[in-house]
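Here is the structure we will look at, set down as structure tokens.
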Amino acid sequence: MLGLAGRCSAAAASAARPALRRAAGPSHGFLPLLLSRGAGPAAAVGARRDHAAQAAPAAKAGSATGRIVAVIGAVVDVQFDEGLPPILNALEVQGRETRLVLEVAQHLGENTVRTIAMDGTEGLVRGQKVLDSGAPIRIPVGPETLGRIMNVIGEPIDERGPITTKQFAAIHAEAPEFVEMSVEQKILVTGIKVVDLLAPYAKGGKIGLFGGAGVGKTVLIMELINNVAKAHGGYSVFAGVGERTREGNDLYHEMIESGVINLKDATSKVALVYGQMNEPPGARARVALTGLTVAEYFRDQEGQDVLLFIDNIFRFTQAGSEVSALLGRIPSAVGYQPTLATDMGTMQERITTTRKGSITSVQAIYVPADDLTDPAPATTFAHLDATTVLSRAIAELGIYPAVDPLDSTSRIMDPNIVGPEHYDVARGVQKILQDYKSLQDIIAILGMDELSEEDKLTVARARKIQRFLSQPFQVAEVFTGHMGKLVPLKETIKGFKQILAGEYDHLPEQAFYMVGPIEEAVAKAEKLAEEHA
């Protein structure tokens with residue numbers, strides 16, 4: 001027993017420093033920094049963030065040389081004779097054809113550090129030389145990163161040559177000070193009816209897309225990139241964290257087709273950072289930080305309003321759990337890392353609006369077994385300004401986007417922000433849907449005939465509203481067969497207000513399915529009437 005206790009306390013002690021490491025930088029690792037194309041080298045924002053973007057330094061390469069003493073999967077122990085590298089420093093393995101970066105996670109004593117590899121450790125041998133870079137992982141940033149795909153350490157992976165920038169930034173940075181933050185509240189119009197009406201997104205806010213496997217998180221993110229990034233006209237950063245490589249490839253080619261990425265000149269609007277499912281846990285645990293670092297450059301150096309898309313933030317937590325286990329930390333609830341809240345908080349606090357610019361973040365959040373009380377999604381909830389919950393029950397009805405209108409919430413659903421008309425229509429829609437939900441048990445047992453006339457009218461309008469909340473997406477045209485629609489907020493409010501007022505009680509409910517504005521539903525009803533005539 002004493003031996004076990006001793007080992008546990010030793011493990012806890014060795015975990016203390018890495019925990020501090022995580023607190024120091026929300027995203028750890030080498031993530032390619034994707035930057036905006038506007039200005040030349042900009043002045044640093046302040047002494048606190050001076051290290052974040054500077055002209056490429058001749059890093060203190062060779063400040064210390066160590067040798068590998070152990071390799072356990074993605075964990076590599078390195079011993080130094082002198083000049084022990086601090087926590088979070090990047091080390092580089094010598095004598096390899098491909099670059100392998102290690103990030104210092106723990107100091108073990110006897111001049112040995114335990115590191116996490118950012119790539120596969122195949123072929124490593126004991127005694128191999130390792131060089132301390134003298135700094136955390138640094139990635140290229142600046143206009144040259146737009147239209148390019150990078151990995152976690154900033155290497156281009158799109159086979160289009162090197163990224164020729166003089167700007168580099170460390171992926172670990174502090175969150176902005178309170179005095180730098182802005183409290184302005186504005187709606188970010190997405191053109192998606194159910195989102196804009198019932199759970200509007202705040203400009204400069206954090207939005208979570210919750211859903212189980214296969215209910216449409218990635219498609220919704222792609223539609224948001226399509227709608228918001230184009231209309232918004234600024235720069236976007238997409239961080240692919242632990243998701244399917246095929247989807248990342250599809251997204252890249254769709255962006256080229258839609259003109260968001262231009263291969264011929266420097267007019268691309270988006271930078272891509274990928275650390276997909278096949279990457280080691282170290283890369284997946286840091287790639288979100290790489291993407292965030294790119295977005296921070298746009299915000300702090302160029303004063304841009306940046307859109308940051310992360311697909312999937314759960315994989316960031318999952319990779320952190322794998323790394324934690326490899327480092328020998330005692331797991332917490334449901335097997336997650338004991339530093340779960342710290343890891344999440346240090347990253348999320350960097351995503352904010354300052355007086356110079358904003359980062360509006362849309363994060364897809366996989367919900368294991370559709371259980372919203374799982375520690376990973378539950379920890380994320382606390383940081384969000386709006387939640388869009390995707391429901392399997394709604395997807396089974398064939399209604400897409402499968403957004404749950406009663407579970408989805410927004411901090412800015414306030415009459416003082418969205419206006420009284422929008423607020424009243426949204427609450428009216430939610431009330432009639434809730435009434436319909438409470439009547440469904442009666443309908444299932446007794447049938448529609450047993451309802452009062454008032455309840456029958458409620459059910460009819462609710463079913464029309466439910467179908468009108470569906471919408472054809474531009475990015476899904478290929479497999480839905482419906483032309484995608486982007487609906488302005490005024491049109492959305494007008495349409496639902498008229499349905500609530502009973503102006504379309506005479507139209508069949510199927511006329512409201514997969515249409516854009518209300519005029520299309522009326523036209524579809526006329527077409528249906530002609531077909532049945």
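Glycine is no exception: its Cβ is also placed from the backbone N, Cα and C atoms.
Values in this document were obtained by computation on a predicted structure and should not be read as measured data.
DSSP assigns T218 (phosphate binding site) to a helix. The phosphate binding site feature in Swiss-Prot is assigned to G214, V215, G216, K217, T218.
Summarising the annotation, Swiss-Prot assigns ATP binding site to G214, G216, K217, T218, V219, R244 and lists similarity to another entry as the type of evidence. Counting every protein chain shown, 21 other Cβ atoms lie within 10 Å of the Cβ of G216 (phosphate binding site).
According to Swiss-Prot, the ADP binding site annotation covers G214, V215, G216, K217, T218, V219, on the basis of similarity to another entry.
Annotation for T218 (phosphate binding site): same-chain Cβ neighbours under 8 Å, separated by at least 6 residues, are E243, E247, D311, A364. The Mg(2+) 1 binding site feature in Swiss-Prot is assigned to T218.
Here the Cβ of E243 (Mg(2+) 2 binding site) has 24 other Cβ atoms within 10 Å, regardless of which shown protein chain they belong to. When secondary structure is read from DSSP and collapsed to three states, E243 (Mg(2+) 2 binding site) falls in the coil class. Swiss-Prot lists E243 with the feature Mg(2+) 2 binding site.
Per Swiss-Prot, transit peptide is recorded for 1-53.
If you measure from the Cα atom of G214 (phosphate binding site) to that of R244 (ATP binding site), you get 12 Å.
Under a cutoff of 8 A between CB atoms, and with a sequence separation of 6+ in the same chain, the neighbours of K217 (phosphate binding site) are L209, G211, D311, N312, A364, I365, Y366, L390. The Cβ of V219 (ATP binding site) has 18 neighbouring Cβ atoms from other residues within 10 Å, across all protein chains displayed.
Here the CA atom of R244 (ATP binding site) lies 14 Å from the CA atom of G216 (phosphate binding site). Taking only the Cα positions, the spacing between R244 (ATP binding site) and V215 (phosphate binding site) is 15 angstrom. The phosphate site is defined by G214, V215, G216, K217, T218, and by the 8 Å test on Cβ atoms against their centroid, the other residues of the chain that qualify are G211, A213, V219, L220, A364, L390, A402.
Within its own chain, V215 (phosphate binding site) has L390, S391, R392, A395, A402 as residues 6 or more apart in sequence whose C-beta sits under 8 angstroms from its own.
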